[in-house]
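First the structure, in the form of structure tokens, and then the observations on it.
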There are 2 protein chains.
Amino acid sequence: MAEFQLIERYFSGLSRPDGPVALGVGDDCALLDPPPGQRLAMTMDTLIAGRHFLPDADPFSIGHKSLAVNLSDLAAMGASPAWALLSLSLPQVDDSWLSAFTSGFAALAEAHGVALVGGDTCQGSLSITLQLTGFLAPGQEMLRSAARPGDAIYVTGTLGDAALALQLASAGQEPGELAQRLDYPDPRVAEGRSLSRLGVKACIDISDGLVADLGHICRRSSCGARVYLDSLPLSSPVREYLAAGGDYQPVVAGGDDYELCFTVPPALAPQLRDMPVSCIGEITAGEGVELWDGSGKLLPLPRAWEHFSS
Amino acid sequence: MAEFQLIERYFSGLSRPDGPVALGVGDDCALLDPPPGQRLAMTMDTLIAGRHFLPDADPFSIGHKSLAVNLSDLAAMGASPAWALLSLSLPQVDDSWLSAFTSGFAALAEAHGVALVGGDTCQGSLSITLQLTGFLAPGQEMLRSAARPGDAIYVTGTLGDAALALQLASAGQEPGELAQRLDYPDPRVAEGRSLSRLGVKACIDISDGLVADLGHICRRSSCGARVYLDSLPLSSPVREYLAAGGDYQPVVAGGDDYELCFTVPPALAPQLRDMPVSCIGEITAGEGVELWDGSGKLLPLPRAWEHFSS
């Protein structure tokens with residue numbers, strides 16, 4: 001099957017030539033007319049088989065995840081998703097794989113109003129690169145560099161679910177309800193928009209684990225962070241795992257949660273009272289992330305997952 | 001080396017936070033303010049080691065080529081390049097490779113005013129995905145679908161140089177001056193802009209060979225194309241190769257030329273007289289591409305290179 005037939009067959013239906021999309025899949029470039037006065041937020045992430053997902057993972061979930069991780073980056077900036085370009089490298093054309101992948105992608109794209117407008121396909125080891133563009137009003141962006149000493153640190157949702165699911169699955173155990181969190185991350189796009197409109201200025205999404213990602217905020221904002229383990233929001237399965245003697249590593253250093261971590265000056269904190277977010281610590285004038293337990297003891301930092309950290 | 005250090009070390013210098021770039025490399029998203037009234041042209045291409053370049057190819061040329069193939073797509077639309085996102089998958093962090101790759105990329109980026117604003121790095125087999133955005137005035141785009149019967153078909157530059165270089169190198173022979181055409185394709189961005197401003201409406205870049213790419217114009221425009229072999233513009237080495245009995249396959253079906261192929265209604269043709277372009281045939285009311293030799297004989301189509309055409 002020739003490349004252009006492949007592209008047309010699977011991806012043309014996702015193109016939605018309306019709104020800002022003047023021309024979608026099928027020419028040398030896509031053509032877009034962004035709304036006047038809006039700032040573009042652009043991100044691009046690659047998922048590689050054997051590194052970001054198991055090679056035999058359900059292609060529907062890979063399609064979902066390839067968009068979800070990029071939506072999560074837009075969420076962290078406070079942007080509204082708009083359109084995407086997809087590059088797909090495949091060992092061979094596999095009809096059922098492609099059709100499940102496309103369906104997983106399409107379901108999440110539909111839910112977030114994302115049009116697929118172009119990209120590339122080629123033969124190679126399985127990997128997916130997605131470039132996603134969204135909009136925001138200039139000045140409403142949330143940055144890694146905008147945290148200030150005295151800010152309270154918050155997260156959305158619960159932490160450690162995806163990492164514990166992976167840990168259980170790797171040990172041959174059944175991850176149960178946690179599997180959903182690993183295979184179908186739910187990017188916090190609406191939460192990101194709300195926070196940015198409330199005036200939150202500093203935010204990151206938790207893809208590499210709380211310590212690593214909050215560490216990015218500290219480095220970019222030239223400050224430190226104090227996190228209280230007892231304040232971390234946990235799901236029932238994670239609470240049970242900890243009660244049974246499991247350690248905090250997956251909770252503070254496990255990747256793939258795709259929750260938002262953001263910081264808030266004291267004056268803004270009351271406005272968060274009705275949101276499903278948890279205060280987990282505070283920004284300090286120091287350096288790096290500190291973890292404190294309930295008895296006031298400073299804990300050693302677990303080693304974070306890092307690309308290329310050989 | 002952690003991912004963020006890698007990104008900062010090699011790519012921050014290419015970010016140029018000015019013009020439309022409100023925020024470059026280093027946060028969850030890049031932020032861009034496109035000029036009002038301009039249409040965005042967006043393309044994304046992946047280069048895979050062993051498929052699009054030799055695994056031991058000079059990393060400087062890989063850096064050049066990864067940007068050049070995308071610039072060529074913008075050229076084919078008539079757009080002016082603006083900014084790029086880069087996803088780099090590498091087996092390991094290799095300082096000298098990365099620094100040569102970055103230099104090759106940077107040299108071409110500088111020449112075309114392209115800012116690198118974001119992307120991703122990860123560990124995996126060597127592959128490069130680049131997403132490039134440019135601008136054009138709405139209505140000035142050149143499309144695959146805009147050719148009409150009676151149009152003359154033109155190309156820029158000369159055809160077959162890159163394919164002959166690859167053929168010679170694969171046979172252990174020295175490609176000489178042709179090597180430059182294979183390793184350092186020169187995207188026809190200025191030519192694309194000029195043609196679009198002249199009013200040319202149908203264009204494609206020749207990446208998969210003349211027959212395949214002109215075939216895309218035929219399919220999208222629901223028309224046919226008649227190409228005269230004797231009219232094809234050839235470099236001296238290619239002319240010598242043909243005179244020595246070489247066949248036309250690399251000239252009409254070889255990829256990697258990155259010249260533009262465009263069509264022009266008769267009324268517009270006189271305006272092309274002073275441009276370095278060659279008329280090679282005409283668009284017909286038929287279907288598909290026909291090749292004719294100097295004696296008026298219809299030739300069999302050589303098999304074009306296609307992804308996944310197993």
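Note that Cβ sites are derived from N, Cα and C of the backbone, with glycine treated the same way.
Pulled from TrEMBL, these are the features on record:
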DOMAIN    B:26-134  domain 'PurM-like N-terminal'
BINDING   B:D28, B:D73, B:D205  Mg(2+) 3 binding site
BINDING   B:D28, B:T43, B:D73  Mg(2+) 4 binding site
BINDING   B:D45, B:D73  Mg(2+) 2 binding site
BINDING   B:D45, B:D120  Mg(2+) 1 binding site
BINDING   B:H52, B:D256, B:W305  substrate binding site
BINDING   B:G119, B:D120, B:R144, B:S207  ATP binding site
DOMAIN    B:148-291  domain 'PurM-like C-terminal'
BINDING   B:D208  Mg(2+) 5 binding site
Neighbouring binding-site residues, C-alpha within 10 angstroms of B:D73 (Mg(2+) 3 binding site) - of B:T43, B:D45, B:H52, B:D120: B:T43, B:D45
Tally of residues which DSSP labels helix, strand or coil - the domain 'PurM-like C-terminal' (B:148-291): 63 helix, 31 strand, 50 coil
Taking Cβ distances under 8 Å as the criterion, give the subset of the binding-site residues B:D45, B:D73, B:S207, B:D256 near chain A, ordered by sequence. B:D45, B:D73
Fewest-neighbour residue among binding-site residues, criterion Cβ within 10 Å, set B:T43, B:S207: B:S207
Treating G and I as helix alongside H, and B as strand alongside E, what does DSSP give for the domain 'PurM-like N-terminal' (B:26-134) in helix, strand and coil? 37 helix, 43 strand, 29 coil
Determine, to the nearest whole angstrom, how far the Cα atom of B:H52 (substrate binding site) is from the Cα atom of B:D45 (Mg(2+) 2 binding site). 11
What's the CA to CA span in angstrom from B:T43 (Mg(2+) 4 binding site) over to B:D256 (substrate binding site)? 17
Can you tell me the CA-to-CA distance separating B:G119 (ATP binding site) and B:D28 (Mg(2+) 3 binding site), as a whole number of Å? 10
Taking the residues the record says bind ATP (B:G119, B:D120, B:R144, B:S207), how far apart in Å are the two Cα atoms that sit farthest from each other? 31
